[in-house]
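Taken verbatim from Swiss-Prot:
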BINDING   Gly91, Gly93, Arg94, Lys114, Asp126, Gly127, Arg180, Arg187, Asp266  ATP binding site
ACT_SITE  Asp256  active site, proton acceptor
BINDING   Asn257, Asp266  Mg(2+) binding site
Amino acid sequence: MPSTNPFLTLPYEPAFASLGSEFSDPVEAATFPAHQLRFRNDRLLPILGLDPATVADEHFIEAFGRFQGRSPLLAMRYHGYQFGIYSPDLGDGRGFLYGQVRGRNGWLYDFGTKGSGRTPYSRGGDGKPTLKGGVREVLASEFLQRLGVRTGRCLSLIETGEELWRGDEPSPTRSSVMVRFNRTHIRFGTFERLHYFKRADLVRQLLDHVIATYYSHLLGDPEADAKFYAELTERTADLAAQWMAAGFCHAVLNTDNLSIVGESFDYGPWAFLDRFDPKFTAAYFDHSGRYRYENQPGICQLNLELLQVPLGMVMSAADLEAGIAGFGDRYQATYSRLMLRRLGFEADQLHSAIADDLIITTLQLLLRAPIGYNEFFARLRAQFQPSWRSDLSAILPDWITTDLEALPEAQWQGWRDRYHQLLTHLPESQLPLIQQQLAQANPEISPIRPVVESVWDPIAIDDNWEPLEALLNRWRHDGDGAADGAVVPNAN
C-alpha cells in the first residue's frame, strides 16, 4: 500500500454541508467489483497543493473508486426546467458531493462524483454511467479547456468492472465512476427548488452563501445582490459565446444544467459541429431541436430569466431586469472577439463594422463549404503565411482546386478579398502575431463525432487506450497546451 493518501488529508471545508439538511441528503457510495484507473488529471493536483509525483494511482482508487475516508457524502437537491417543463423530481441521481477543498489560489473547489451509485433521486436508474460516457467527458472538457472555455474538469476516471445495458449505445457496455473538479455544483435549479417550496428564507440563505463563496468581491457592498445577478448574466453570456465560437453544442441546456458561476458542466450527449449547421442538434431525444446549436445563446438568456423567479423572492424586479438587460450586448461582444481570434485578429485591431463583416462572410462561406467548421480554422492556421499580405492569390491557394471548387467563385473570392484587405491595413510587424493567435485559438484537431469514435473503438474492441493518450497529447502540446491529464491504461 502506498504512503498516506494525500486526498484523504486535504483540508476539506464543509461549505455546502453547513447550509443544512434542506439542501442535500447523506448517501452511501456504491461498491464495485473492480477498479482500474483509466485517467488521472495531474494538471489539477498543484492547484490543491499536491505534487503529482507523490500521488500514486492507488491513492486515486482508494479515494475516488472505493470512496474511503470521507463523510458525509451528499446528494444535492435541486429542481429544473427540462425542455421547458418544470420538473420537481430531480436531484443528484448518480453522484454526490465528495468534498470541497480550497485551492492554492484561494478558490473553493468541488469534488463531485458521477456514477457512484443510487441516491434518493435516481428515479429507478442504477446510478452508473458507461465508460464511453466518461471518455467522452474527458474529451469534451479537456478540449474546451484547451480553447480557454470555462469548464469543469475530470479529475479521475475509474473503470469499475460491471456490464451495463443502455439503449443509446451497444450493450452490454463497460461501467465507470468519475470525479469531477468544478468550482461548484450549485445550479439555477438549486434556487428553483426553494421557490417551489415557497422558502424565501432558504433562497436568502443560499444567495448569501453563493455571494460569500463565489462572488466574495461583492461582500459588504449594499448592492451585492444586484451586482451578483448582473455578473452571473455576464458570465453566462460569455460562456454561451465561447460555446458558439468553439462550435460546441451542449445538447441539454435545462436550468438544472447551468452553473451559478457560469462554468460548463454536466456533459451529456454533447457534440462539436462537423460542418457548420446552425440547426444542428446534438441529442437524439431533442426532437423539436430546442437545444440546437443556434438556440444556445437564447436558451441561456431564457434560463437567466427563469432564475429571476426564485431570486425575485428576495430581490427587486428592477434589479433583476437591469441585471439581464446587458446579456445581448455582452454576448455579441464576446462572440465577435473570439471569432476574430479564430481568424487571427484582435478586436482592437479592426473597426467593429469591418470585423463583423469578416465574421458574417466567414460563416456564410462555411454554410456552403464542404469542410468542417473547426477544420476550416485549423487549415487557416496551418497555411497562413506573411506573404498573404502582399499576394492575394497566395491565400489558401489549394482550396480553389479542391474543397471550394463547388462554391460560387464570387463567394470564395469575397471572403478572400476581405481577409486580404484586413491584412493590408495592418503593419507588417503584426503578421507574426497573427500566426501566434491562429495557433492559440485553433487546435489542429477537434473531437467531432468521427474523432470520438476513433478514440473509443480501440478501447471497446482491444482495450487500447493509446489513441486517447495520443489525442490528449496533441492538445497538451498544441498552442498553449492547457489539456494535460494522463491516461492510465493498465492501472490495477
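Here the Cβ of each residue, glycine as well, is placed from N, Cα and C on the backbone.
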**Report entry** Which of Asp126, Asp256, the listed recorded positions, has fewest other Cβ atoms within 10 Å
**Finding:** Asp126
**Report entry** Distance from Gly91 (ATP binding site) back to Asp256 (active site, proton acceptor), taken between C-alpha atoms, in Å
**Finding:** 9
Report task. Express the distance between the Cα positions of Asp126 (ATP binding site) and Asn257 (Mg(2+) binding site) as a whole number of Å. Result -> 20
Requested in this report: Using DSSP with the three-state reduction, classify the residue listed as 'active site, proton acceptor' as helix, strand or coil.
Outcome: helix
Report summary line: Here the Cα-Cα span from Asp266 (ATP binding site) to Asn257 (Mg(2+) binding site), rounded to a whole number of angstrom, reaches 6
Query raised in the report: Out of Gly91, Arg94, Arg180, the binding-site residues in the record, which is closest to Asn257 (Mg(2+) binding site) when you go by Cα distance?
Result: Gly91
Query raised in the report: Non-local Cβ contacts of Arg180 (ATP binding site) (under 8 Å, 6 or more apart, same chain)?
Result: Asp110, Phe111, Gly112, Thr113, Lys114, Gly152, Arg153, Cys154, Leu155, Phe265
Report summary line: So Arg94 (ATP binding site), by the Cβ count within 10 Å over all chains shown, scores 22
Query raised in the report: So for Gly91 (ATP binding site), how many other CB atoms are inside 10 Å of its CB?
Result: 22
